[in-house]
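Feature annotation from TrEMBL assigns compositional bias 'Gly residues' to 85-105. Positions annotated as domain 'Sm' by TrEMBL: 2-75. Among the features that TrEMBL reports, region 'Disordered' is placed at 79-105.
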(Lines of atoms letter the chains of each structure in order from A; the text may use other names.)
(Lines give C-alpha, C1' and ligand atoms only; values in the text may rest on other atoms or scores of the structure.)
Protein backbone atom coordinates (compact mmCIF):
# COMPACT_ATOMS: atom_id res chain seq x y z
CA UNK A 1 0.00 0.00 0.00
CA UNK A 2 1.33 3.42 -0.94
CA UNK A 3 0.97 6.60 1.13
CA UNK A 4 -0.93 8.39 -1.63
CA UNK A 5 -3.45 5.54 -1.88
CA UNK A 6 -3.98 5.72 1.85
CA UNK A 7 -4.36 9.51 1.77
CA UNK A 8 -6.95 9.31 -1.00
CA UNK A 9 -8.90 6.72 0.98
CA UNK A 10 -8.74 8.95 4.07
CA UNK A 11 -10.74 11.74 2.43
CA UNK A 12 -13.56 12.90 4.75
CA UNK A 13 -11.90 11.16 7.73
CA UNK A 14 -9.87 12.40 10.70
CA UNK A 15 -6.13 12.56 10.12
CA UNK A 16 -3.11 13.59 12.16
CA UNK A 17 -0.19 15.13 10.26
CA UNK A 18 3.18 15.95 11.80
CA UNK A 19 5.39 18.32 9.87
CA UNK A 20 9.17 18.27 9.63
CA UNK A 21 9.26 21.37 11.86
CA UNK A 22 7.48 19.47 14.68
CA UNK A 23 4.03 21.09 14.46
CA UNK A 24 1.03 18.70 14.41
CA UNK A 25 -2.24 19.22 12.55
CA UNK A 26 -5.29 17.18 13.51
CA UNK A 27 -8.40 17.60 11.37
CA UNK A 28 -10.74 16.34 8.69
CA UNK A 29 -9.06 15.61 5.35
CA UNK A 30 -10.89 17.48 2.59
CA UNK A 31 -8.68 16.45 -0.34
CA UNK A 32 -5.14 15.72 -1.48
CA UNK A 33 -3.27 15.85 -4.77
CA UNK A 34 -0.55 13.74 -6.38
CA UNK A 35 2.15 15.75 -4.57
CA UNK A 36 0.54 14.91 -1.19
CA UNK A 37 -0.51 18.53 -0.70
CA UNK A 38 -3.57 18.37 1.58
CA UNK A 39 -6.49 20.54 2.63
CA UNK A 40 -7.88 20.06 6.14
CA UNK A 41 -10.89 21.55 7.91
CA UNK A 42 -11.83 21.84 11.60
CA UNK A 43 -8.14 21.72 12.47
CA UNK A 44 -6.36 21.74 15.82
CA UNK A 45 -2.75 22.86 15.45
CA UNK A 46 -0.32 21.84 18.20
CA UNK A 47 3.08 23.44 18.71
CA UNK A 48 6.18 21.27 18.65
CA UNK A 49 6.55 21.44 22.44
CA UNK A 50 2.88 20.42 22.88
CA UNK A 51 2.12 23.42 25.11
CA UNK A 52 0.26 25.66 22.64
CA UNK A 53 -2.89 24.90 20.64
CA UNK A 54 -4.71 26.81 17.91
CA UNK A 55 -8.10 26.13 16.34
CA UNK A 56 -8.31 26.69 12.56
CA UNK A 57 -11.34 26.52 10.27
CA UNK A 58 -9.22 25.19 7.43
CA UNK A 59 -5.62 24.95 6.27
CA UNK A 60 -3.44 23.88 3.36
CA UNK A 61 -0.30 21.80 3.96
CA UNK A 62 2.38 21.38 1.34
CA UNK A 63 3.27 17.71 0.86
CA UNK A 64 7.03 18.29 0.97
CA UNK A 65 6.74 19.51 4.58
CA UNK A 66 5.01 16.37 5.89
CA UNK A 67 7.07 14.10 8.15
CA UNK A 68 4.32 11.52 8.66
CA UNK A 69 0.56 11.15 8.81
CA UNK A 70 -1.65 8.88 10.89
CA UNK A 71 -5.14 7.65 10.01
CA UNK A 72 -7.63 5.38 11.73
CA UNK A 73 -6.47 1.72 11.64
CA UNK A 74 -9.73 0.53 10.05
CA UNK A 75 -9.00 2.72 7.06
CA UNK A 76 -6.03 0.61 5.97
CA UNK A 77 -8.35 -2.37 5.50
CA UNK A 78 -10.45 -0.41 3.02
CA UNK A 79 -7.47 0.48 0.85
CA UNK A 80 -6.96 -2.08 -1.88
CA UNK A 81 -3.52 -3.65 -2.02
CA UNK A 82 -1.63 -1.86 -4.75
CA UNK A 83 1.80 -3.15 -5.67
CA UNK A 84 2.50 -0.27 -8.04
CA UNK A 85 2.84 -2.50 -11.10
CA UNK A 86 0.31 -1.60 -13.76
CA UNK A 87 1.30 -4.47 -16.04
CA UNK A 88 1.69 -4.46 -19.84
CA UNK A 89 4.43 -2.62 -21.65
CA UNK A 90 2.06 -0.79 -23.95
CA UNK A 91 2.76 2.63 -25.30
CA UNK A 92 6.06 4.21 -26.09
CA UNK A 93 9.22 2.65 -24.72
CA UNK A 94 7.97 -0.90 -24.25
CA UNK A 95 10.31 -3.86 -24.56
CA UNK A 96 12.82 -4.21 -27.33
CA UNK A 97 12.33 -2.47 -30.62
CA UNK A 98 15.94 -1.72 -31.43
CA UNK A 99 16.88 1.05 -33.87
CA UNK A 100 14.56 1.93 -36.72
CA UNK A 101 13.83 -0.41 -39.58
CA UNK A 102 10.68 -2.28 -40.42
CA UNK A 103 9.01 -4.68 -38.04
CA UNK A 104 9.93 -8.32 -38.65
CA UNK A 105 7.34 -11.00 -38.91
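Using the three backbone atoms N, Cα and C, a Cβ is placed for every residue, glycine included.
For the domain 'Sm' (2-75), the model's pLDDT averages out at 94. As a summary of secondary structure, the domain 'Sm' (2-75) carries 13 helix, 39 strand, 22 coil according to DSSP.
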